[in-house]
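Down below is the structure, laid out as structure tokens.
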Amino acid sequence: MKKSVLSLIVSSILFAPAVLADAPNTDLQLMPYPKEVTLLQGKTEIDQDFSIFISGHHSERVEKLSQRIIDRVQKQTGLLLKKPIASHQSDATLIINVKQASASNVQTIDTDESYTLTSKNGQITLAADYTDGVIDGAETFLQLITFNDALTYIPNVKIDDEPRFKHRGLLIDSSRHFVELETIKRQIDGMASAKLNVLHWHLTDDQGWRIESKAYPLLQETSLGGQFYTQEELKEVVNYARDRGIRVVPEINLPSHASQIVKAYPNLGSGDPDTYNGTIEWGVFPPLLDPTNPEVFEFVDAIVAEMAEIFPDKSLHIGGDEPMYGEWEENDRVQAYMKEHNIKDERALQAHFNAKVQKILTKHGKEMSGWDEILHPELPKTITIQSWRGHESLEHAANEGYQGILSTGYYIDQPQPTDYHYRNDPIPTGLTVDDALHSGETFETYTWSKPRGKGSDRTGTLTIITGKDGKARAFTDYAGKPRAEVFITEYEAGKRFVGHFDNFMSYTNFVLDMDDGEIQADTSYQVVGNVRWPTSGEKTAGSDIKNSEIPEHTRPFALPKELENKILGGEMTLWAENVSDETLAVRLYPRAYAIAERFWSPKELTDENSMFERMQSVSSWATVSVGLEHETSPYTMRVRLAGTTDVTPLNVLATYLEPAQYYARNWIKFNNGVYHQFERLNRYVDTLPVESYRIRAMEKLAQSTQDEDTRTLLEDFNTIVQNHDAVVSMMKANHSMKDSVAAADAAKQMAELGKKLATLKLEGKTVSQKDYSEFAKQISIAAQPHDEIIVALVRPVEMLLGSIK
């Protein structure tokens, strides 16, 4: 079957923007890429005579930085430096020049982090007005170290750099699964290497309270597992982070996510104390603190006082998200209180509660930050809104005069494609498609529905408008979310639609077959991340349906230029339902570098091919220089699973697999009754990186018309087939892996199909409609999750099939 002319037109339109995407102006493997880079002639050698001289302002932080640079130069080069501290500036390889002392001993959101780095005439100068600038610049210097067949060196450069956003954060959740102190420190090293500057430490939740409280010791003593950080350990982390230019902002959940608080002190809750037994389950739970009880505010005052002693940062995060108001609604005392104080509903009561908490924070020199739910006109404009709901929430907060931080699209506890995160800018933008119907144009609207693993189906509409010139444009209205453009890759009116967009969940791709106004449920689906969800529906409006119109829906709004300074930046979140101390690094890196670039580098830097190339280079650098474990931990876990250090079969198969993305793994666990704190995280899937770079390369090969590229694909397919017996034998030998055999079998099946299709392509042959349908069914079956694993190989195989259709 030939593609329609329209399909070819819209495909060319889709891929045009990639050509226009801005790439870095050099081939330097830097991430985040600096604001301005000038490549000069020559090189500066890094050898055993490498040394550092500190000029300008001296401080303990600068001296510690210089020692870290020395240690890491030795790690990166394998050299033992002869005399790493120079006696005179003229003798030094690297001069660190801080011009003046910081105005405050406590780092703030307004701290100047700009720096310059110049390498010429055999000497390197790293200069900044303040210490935090040279801390950031040191990472650029270390990323520049490379080698050729003659020497180790850095290229001569002139770099002028500063961050785009003030707040570049990472949330680490130590409540759900405890994270060891040394692991926290290692992530701080990683954060510094990516020029992140805020550790948002999620220390309390329903499943545990991980801070030592001397005023209310039952909080930590009754937490499941009994694991917590002493106050001295917390101070140690704060100092460790400050030395690396990172603020530490603690989060204490109020008044929701309070199961552990009321388990320890039932008198503080709004519900039946007999129900306060804590929980090991994941989810959202009823307990709320009692806003009518003076003891609650005595508790808050005492806890904030302790936090103020430990955490010098001005910001304290109160959570405030996902309140279930049932306890307040059913509590006669709370309802009477609301009536007495003329509080119209529970949402207003939460704002009333937060206003009291705000006064306590002010008393202790703190400013409030919290999730979307705390936004309310009763609170002062000094609070900061962190948005998990999306750009529309952030835009609303900014228009109301509040500062905001975006986390939607940066949930890295979820396996997600890195380019999805990279396209997600903290500044809200408006609708990018013309959604109006103009004279001479036609349209069709389909109402669709897709299941979720947990909860009710997601629903929405898809509208395609065809212009007088035959070109089509499309948009979708997800229920409860603003309208969004869908980028069309294939469209035949009334018969087939393929198009993708980024939304609050992930990269999402519609693949819809239509017949007689119906979306064919047996062949139609949406890909969310890498998981296919069956989609059904019907045509509900169109130019051929009398008196029908394009549906009305909420549109996203661009943030006015004058309000962009209200957006402080962005923050990754590493929630710990499916993350352990052992697997944390695999989720976090190397994606964190790409997201950090979105927070630091100029907005115009958007070339995804460059991003992937540099990210993979920096990933290896981070393993050696920073000591991160995202590349070593999977190997260690596979050795444990296999019982041998030769885990080649597991490594080979892993190249073509991915963990199920977005919330698919959570939902699978929920439906299997294991969505809780003690669910094992030692499966083969837990060793897999969040995405396969080899599959990304194979997708390009599958779309190529060059025989050489098709032969390269054949090599991959043969490798998978030849590896199959060994990997299955290894998996069956360990009960922890035996369920993953289904993924290995599906990968082999796809490799066999890939071999057949590649051979046909090399022979210049096509497949019949009958064979196409049969092969598509095989691909659809193989694409389903197998022990929480997605056989990512289906993507290039499906592309091969499409190329010879």
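Yeah, the Cβs are placed from backbone N, Cα and C, and that goes for glycine too.
Residues annotated as signal peptide in TrEMBL: 1-21. Positions annotated as domain 'Beta-hexosaminidase bacterial type N-terminal' by TrEMBL: 28-161. Annotated domain 'Glycoside hydrolase family 20 catalytic' per TrEMBL: 165-421, 560-602, in sequence order. Sequence annotations record features per position, and here TrEMBL assigns active site, proton donor to E322.
Packing around E322 (active site, proton donor) is summarised by its Cβ count: 15 other Cβ atoms lie within 10 angstroms of its Cβ, all protein chains included.
DSSP assigns E322 (active site, proton donor) to coil, not to a helix or a strand. Regional average pLDDT for the domain 'Beta-hexosaminidase bacterial type N-terminal' (28-161) in the model is 97. Long-range Cβ contacts of the domain 'Glycoside hydrolase family 20 catalytic' (560-602) within its own chain (Cβ-Cβ under 8 Å, at least 6 residues beyond either end) map to 22, 31-35, 109, 163-180, 183, 186-187, 190-191, 194-196, 198, 200, 202, 282, 384, 386, 388, 394, 397-399, 401-407, 410-413, 415-416, 418, 421-422, 424-428, 611, 615-616, 618-619, 622, 628-630, 633-634, 637, 665-666, 669, 675, 681, 686-690. Each residue of the domain 'Glycoside hydrolase family 20 catalytic' (560-602) gets a DSSP state, and the totals for helix, strand and coil are 21 helix, 8 strand, 14 coil. Counted with DSSP, the domain 'Beta-hexosaminidase bacterial type N-terminal' (28-161) comes out as 35 helix, 45 strand, 54 coil.
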